[in-house]
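All remarks here apply to the structure that follows.
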Amino acid sequence: MTPDVRPLIAGNWKMNGTLREAAALAEGVRAGLEGVRGADLLICPTFLHLHVAAASMGWKPVAIGGQDCSAEANGAHTGDVSAAMLADAGCGYVILGHSERRADHGESDALVQAKARAAIAAGLIPIVCVGETEAQRDSGEAEAVVAAQLAGSLPPDFAGAKGVVAYEPVWAIGTGRTPTNDDIAAMHGRMRAELAGRFPGAGETTRLLYGGSVKPSNAAAILALPNVDGALVGGASLKAEDFLAIAAAVPA
Ligand code: PEP
């Protein structure tokens with residue numbers, strides 16, 4: 001945790017479930033909120049399920065976010081969704097540059113930066129994802145890779161817009177494997193230094209989330225690490241009980 005930074009626990013629902021299941025999941029999260037004191041919560045359903053999640057929350061107290069947005073403001077971009085459309089649908093956040101989008105859609109740091117600019121222009125808080133592959137970690141390049149992704153993916157107005165960074169080692173996503181707590185702390189320390197250097201006065205308190213196989217059994221230890229200001233949760237966010245248990249692991 002970082003002093004004076006309220007942690008954020010974000011659920012990335014990815015491309016899962018039916019409309020009915022999304023409604024039930026959102027309702028399950030809303031119904032269990034009294035056990036969560038120390039963190040803000042965010043759920044990020046697929047575009048088509050945003051409206052049921054937003055309706056369940058009555059726009060509060062759990063924030064709603066998209067999993068991607070276009071870098072363009074509007075116009076002839078078939079199949080894309082703009083940041084303004086997400087804001088209009090009740091979103092406060094948008095996940096950008098997730099490793100699955102970088103891998104599946106060839107998203108570059110430059111494109112992620114352009115999307116982050118579009119998100120900020122629409123009043124959304126971007127959650128920019130970075131993280132190394134297993135080969136990069138094994139060859140000792142992890143911190144340099146992440147520092148380069150930060151330099152390339154974050155726009156100049158990122159910190160002022162209260163942007164969020166999520167460190168998600170690619171090899172830890174959906175695998176049940178996590179870095180050691182020392183490795184997470186070291187990476188988050190490096191990211192803090194990069195952000196404080198680039199955005200003096202704001203980078204010191206930018207939320208830095210950890211993501212990659214966070215579950216109720218490891219959440220408390222990870223969330224207690226220095227410079228870990230919350231979690232981006234994939235698989236475990238699809239069960240309301242597990243997502244709430246992770247959020248409840250943040251001390252009140
Ligand atoms: C993710 O994809 O953002 C993620 C963290 O997934 P999981 O928690 O399933 O590893």
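Cβ from N, Cα, C; glycine included.
Keep in mind that TrEMBL annotations are predicted by a computer and have not been checked by a curator.
Feature annotations, courtesy of TrEMBL:
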type	residues	note
BINDING	ASN12, TRP13, LYS14, GLY174, SER213, GLY234, GLY235	substrate binding site
ACT_SITE	HIS98	active site, electrophile
ACT_SITE	GLU168	active site, proton acceptor
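Shown on the structure are the features that TrEMBL records.
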residue : record                       : Cβ within 10 Å
ASN12   : substrate binding site       : 26
TRP13   : substrate binding site       : 24
LYS14   : substrate binding site       : 18
HIS98   : active site, electrophile    : 27
GLU168  : active site, proton acceptor : 27
GLY174  : substrate binding site       : 13
SER213  : substrate binding site       : 21
GLY234  : substrate binding site       : 22
GLY235  : substrate binding site       : 19
Listed binding-site residues adjacent to ligand 1, that is, members of TRP13, SER213, GLY234 whose C-beta is under 6 A away: SER213, GLY234
GLY174, SER213, GLY234 filtered to the binding-site residues whose C-alpha is within 10 Å of HIS98 (active site, electrophile): none
Diameter of the substrate binding set by C-alpha atoms, the set being ASN12, TRP13, LYS14, GLY174, SER213, GLY234, GLY235, in angstrom: 14
GLU168 (active site, proton acceptor) and LYS14 (substrate binding site), distance between Cα atoms, whole Å: 15
C-alpha spacing of SER213 (substrate binding site) relative to the residue listed as 'active site, proton acceptor', in angstrom: 9
